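A.B. asks: Found this in TrEMBL, in case it helps:
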- 1-25: signal peptide (SIGNAL)
- 43-71: region 'Disordered' (REGION)
- 56-69: compositional bias 'Basic and acidic residues' (COMPBIAS)
- 82-114: repeat 'WD' (REPEAT)
- 180-214: repeat 'WD' (REPEAT)
- 271-303: repeat 'WD' (REPEAT)
- 402-438: coiled coil (COILED)
Amino acid sequence: MEVAALVALTLLLGALVVLVALAVGRRKDEIREETEHAAEFAADGSNVKGPASKKQKQEKQRTRKDKAAQHSFSHPLLAASLKGHSGNVTCLDFSSNGKYLASCADDRTVRIWSTKDFLEREHKYLRANVELDHATLVRFSPDSRAFITWLANGDTIRIFKMIKKDDGTMSFKAAAEDFPQKHKALILNIGIAETGKFIMSASTDTTIHIWDLKGEVLASINTNQITNSYAAISPCGRFVASCGFTPDVKVWEVCFGKAGEFKEVARAFDLKGHSAGVHAFAFSNDSHRMVTVSKDGTWKLWNTDVEYKKQQDPYLLKTVPCASSEGSLVALSPDGRVVAVSDGSNVAMYNAASGELEEELHGVHSKEITDLRFDINGRFLVCSGDKAIRVFHNAPGYRAAIRDMQDMLKKAQNEAMKQRLQQQIKEAQSALDTVLAAPVD
C-alpha cells in the first residue's frame with residue numbers, strides 16, 4: 001500500500017514539474033511575443049494604420065511565431081528582402097513615377113514601399129487595410145495617387161485614394177462603392193491604362209472586361225482561347241493582350257475618339273510561333289517589344305513596333321530554350337535588354353539580344369513565385385512567393401548596356417561622341433562593380 005502511494009506521489013510530482021516547465025516555457029513565449037509586438041509597434045509608428053479590431057490583434061499575435069520560420073535565401077545579387085506582411089504576397093506593382101512599390105497579401109493589407117529605401121537597412125512602408133476582405137491584385141493609377149485592388153471574397157474591384165494629411169503623413173480612403181460583380185470565373189489580372197482612360201479585368205474563362213473609371217463596363221472581349229492564362233494592358237495604354245490554352249498571344253487596341261469618348265475594341269495583331277499554350281507575356285516600356293513564355297519550353301522575343309493597321313505582322317527576334325511550368329511568369333526590362341523567367345520558386349535571367357543565360361536564382365521563395373517584374377528604371381528585379389519580397393540588382397542589364405555602348409564606341413566617328421560614350425561606360429562599369437561588391441545580407 002505504502003509503495004503504491006509512493007509511486008502515485010512520484011507520478012504526481014513528475015506531472016507537476018512538467019506542468020511548471022510548460023507554464024514557464026509558455027510565459028517565456030508570451031514575453032517574447034509581447035517584446036516583439038512592442039518593438040514592431042515602435043518601428044511601425046510612422047506607418048499608416050487603421051483602427052485594428054480585437055480579432056486582428058489576435059491574428060497578429062498568432063503570426064509572430066511564423067516570422068522566425070520565414071524562408072531563408074541569399075545571393076550575391078540580392079539587394080533587399082522586404083519583410084512586413086504576415087501573409088503570403090500575391091501581387092506587386094511599381095508606380096509610374098518610380099517612387100513606390102505596392103504589394104498585397106492575404107493578411108488583408110496593401111503595403112506601399114519606398115523604392116529609395118531598397119538599399120537601406122530599414123525598409124519603411126505605409127499600410128492600407130482592406131476591410132472585411134483581402135486583395136489578391138493591386139495596380140497603381142497613372143498619377144501614383146491611387147491604386148485599385150481585386151477583392152478575393154467580393155470578386156470585384158475596389159479603388160483606394162492616397163491622401164496626404166496636414167502633418168505630411170499619408171492615409172488611404174476606399175471609394176464609397178466597389179465595382180459591380182461581372183466575372184463568372186477566377187480573376188487573373190487587372191490593370192489601369194497609363195492614359196487613365198480605362199481599367200481592365202481578365203478571368204480564367206475567356207473573358208476580359210474593359211471598364212471606365214466609374215465602374216461601367218465599356219466592352220467585353222471573348223478571347224476564344226478555351227482558357228486564359230494571363231492578360232495585361234501595354235505600358236503605352238493602347239493595347240490589351242491575352243494568352244492561354246492556344247499557342248498564340250492576341251492583342252487588341254482600345255480605341256477612343258478625339259474628345260476622349262470610348263469608340264471600340266479592335267483586333268490589332270497576334271503573336272504566332274509557339275507550338276503549345278502560352279503561360280505569360282510582358283512588354284518593354286515603350287511597348288515596342290514583347291516576350292512570351294510557353295509550355296513548349298521556350299521564351300520568344302518579338303518586335304511589335306509595326307504598322308498593324310496596314311496588316312504588318314510583328315516579327316520574331318529570338319527563340320530561347322528555358323525551364324517553365326504551369327504558373328511560369330516572364331518579365332522584360334524596360335529597355336528590352338533583359339528577360340527574366342520564373343519556374344516554380346526559381347528565376348532565370350537572360351540577355352535578350354543574345355539569348356545567353358546570365359543568372360540562375362534557385363529557391364528564391366518557399367513557394368511558387370506569384371509575381372515577377374522590373375522597376376521602371378531597370379535597376380531592380382523584384383518577385384514574391386511567400387511573405388517576403390526579394391529585390392535583386394539587375395546585373396545582366398548593366399552588362400548589356402556596357403556591351404551596347406562599347407559597340408557604339410567602335411562606330412562613333414566624332415570625338416565628342418566618343419568621350420561621352422567612354423564616360424557612360426565608365427559610370428555603368430562602376431555601378432556594376434559596386435553591385436557585385438556589395439555585401440550579401
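Don't overthink the numbers, they just go from 1 along the chain as shown.
The backbone N, Cα and C atoms fix where each Cβ goes, glycine too.
Annotations in TrEMBL come from automatic prediction, not curation.
Please situate the listed features within the shown structure.
C.D. replies: In the predicted model, the repeat 'WD' (82-114) shows an average pLDDT of 96.
Sequence-distant contacts of the repeat 'WD' (180-214) (same chain, six or more residues past either end, CB-CB distance under 8 Å): 96, 136-137, 139-143, 148, 150, 154-157, 220-233, 235-238, 240, 242, 244, 254, 256, 260, 262, 265.
Each residue of the repeat 'WD' (271-303) gets a DSSP state, and the totals for helix, strand and coil are 0 helix, 20 strand, 13 coil.
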A.B. asks: Counting only residues 6 or more past its boundaries, what in the same chain has a CB within less than 8 Å of a CB in the repeat 'WD' (82-114)?
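C.D. replies: Residues 56, 59-60, 63, 66-67, 70, 123-131, 133-140, 142-144, 147, 149, 152, 160, 162, 170, 172, 194, 367, 370-371, 373, 375-377, 382-389, 391 contact the repeat 'WD' (82-114) from elsewhere in the chain.
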A.B. asks: Please work out the helix, strand and coil residue numbers for the repeat 'WD' (180-214) from the DSSP assignment.
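C.D. replies: Taking the repeat 'WD' (180-214) as a whole: 0 helix, 16 strand, 19 coil.
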A.B. asks: Write out how many residues of the repeat 'WD' (82-114) are helix, how many strand and how many coil, based on DSSP.
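C.D. replies: Within the repeat 'WD' (82-114) the tally stands at 0 helix, 20 strand, 13 coil.
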